[in-house]
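Database features (TrEMBL):
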BINDING   ILE20, GLY62, VAL63, GLY64, LYS65, THR66, GLU67, ASP264, GLU328, ARG400  ATP binding site
DOMAIN    51-343  domain 'AAA+ ATPase'
REGION    141-160  region 'Disordered'
COMPBIAS  145-160  compositional bias 'Basic and acidic residues'
DOMAIN    342-436  domain 'Clp ATPase C-terminal'
Amino acid sequence: MREKWLTPKNIVKELDKYIIGQKEAKRAVAIALRNRWRRQKLPAKLRDEVAPKNIIMIGPTGVGKTEIARRLAQLAQAPFLKVEASKYTEVGYVGRDVESMVRDLTNVAVHTVRMEMMKRVREKAKELAEERLLDILLPLPRTSPSERDDEKNERVEKARKAREKLRAKLRNKELEDRLVEIQMAEKFVPMIEIFSSAGAEQLGMNFQDMLGDMFPKRLRKRKVPIKEARQIITEEEAQKLIDRDKVVEEALRRVENSGIIFIDEIDKIAGGGINKADVSREGVQRDLLPIVEGTTVITRYGAVKTDHILFIAAGTFHDVSPSDLIPELQGRFPIRVELKRLNQKDFERILTEPKNALIKQSQALMKTEGVDLVFEEEAIREIASLAFLVNERTEDIGARRLHTVMEKLLEEISFEAPYMKGKSFTITAKYVRERLKDIVESEDLSRYIL
């Protein structure tokens with residue numbers, strides 16, 4: 001974590017580059033992230049006592065709830081997982097149990113750390129891969145005991161020079177399409193069915209990993225171009241160079257101290273009724289409670305403590321309110337922020353201002369075909385206006401509506417782009433109205449298409 005730089009003001013400033021509005025939510029997550037750094041500075045005894053202030057985001061779909069959490073995790077370089085609360089079932093029922101979210105987060109962290117460590121050894125792995133390729137293309141000559149020293153030295157020197165010439169060709173990419181035969185290791189693990197109401201997942205086990213070491217690796221020969229062989233061998237060598245124990249150790253440390261779990265649709269498991277569905281939802285909440293409070297979850301990589309994982313929950317809360325969650329769970333989400341519904345002006349800004357703005361994306365995509373796409377300001381206002389109007393008339397899906405509107409608007413241009421190389425196309429307000437006229441006029445059609 002880049003601690004000194006990640007002040008609440010700087011975090012909000014970075015989030016502003018990707019998300020329009022929602023100042024209150026940005027401030028809340030920025031403070032929560034900064035508090036993690038503050039906790040690390042405390043004495044060990046006090047540090048363990050300070051729990052993260054979990055957050056509930058309340059707001060309609062498509063206003064930036066997920067994006068705020070995702071960008072926050074990227075800023076903090078923290079393991080991040082997005083889950084949907086409605087996908088989990090109470091322990092004892094068929095389905096995924098809530099502990100699996102911690103196991104999934106651990107898998108994400110291990111993969112990230114492994115990729116980082118492989119990147120560090122990439123250059124060394126490339127050198128080793130080059131040597132292996134040379135051994136395949138031009139093996140070193142075998143020497144005979146009866147051979148005279150001068151003859152042996154001459155043959156070895158000749159082979160060395162030939163090898164260096166071949167090395168130069170490899171580095172200059174002169175042999176990329178030449179086929180070579182390589183051996184690839186693959187594990188053979190027989191299919192095993194496990195009959196259990198809880199399922200193997202709840203046991204925190206990965207049977208393929210457990211059984212993989214019991215069965216020998218099979219070497220499979222493949223003929224591939226040198227370009228592909230280099231990548232495969234480099235990957236194999238990088239895997240050999242990294243220390244698996246260090247990968248796991250670092251991943252577990254990151255999960256426990258900086259992991260972020262974003263629980264979407266938490267409103268779907270809220271409900272104060274006494275019918276069967278409500279009882280089942282309450283069961284999921286009660287299963288979720290110890291995870292959020294702090295417990296130990298057994299994963300395939302070892303035990304993970306959830307005491308200091310930051311949980312950010314989100315929901316639209318149309319038919320229920322946060323107070324319909326069980327009181328114990330409410331108490332574990334002390335910070336509540338309400339995200340505002342997006343208006344037409346927000347849509348205009350979303351189209352142009354963020355680093356990953358939709359118009360910038362569309363222009364970049366068309367540029368790959370050699371087509372310059374130009375949007376007039378009036379056209380941008382018209383796109384925002386029509387998207388907002390469709391949201392008003394049908395289901396309000398927030399900024400996601402802009403994606404569907406833009407796809408419909410640029411459908412014809414995208415189709416013809418390969419034949420328009422070197423040309424420029426200007427999107428005018430008139431063109432926007434013509435392309436989207438039918439959708440806006442017909443409520444049924446706008447429901448169907450958008």
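A Cβ is built for glycine as well, from the same backbone N, Cα and C atoms used for every other residue.
Nobody curates TrEMBL annotations by hand; they come from automatic prediction.
Once Cβ contacts within 10 Å are tallied over all protein chains shown, the binding-site residues GLU67, GLU328 are led by GLU67. All protein chains included, ILE20 (ATP binding site) registers 20 other Cβ atoms within 10 Å of its own Cβ. The domain 'Clp ATPase C-terminal' (342-436): residue composition by secondary structure is 63 helix, 8 strand, 24 coil, according to DSSP. Per-residue pLDDT, averaged across the domain 'AAA+ ATPase' (51-343), gives 81. Long-range C-beta contacts of LYS65 (ATP binding site), restricted to its own chain and to partners at least six residues apart, with a cutoff below 8 Å, comprise ALA25, MET57, GLY59, ASP264, ALA314, LEU339. The number of other CB atoms found within 10 A of the CB of VAL63 (ATP binding site), across every protein chain shown, is 27. Reduced to three states, the DSSP call for GLU328 (ATP binding site) is helix. Under the three-state DSSP scheme, VAL63 (ATP binding site) falls in the coil class.
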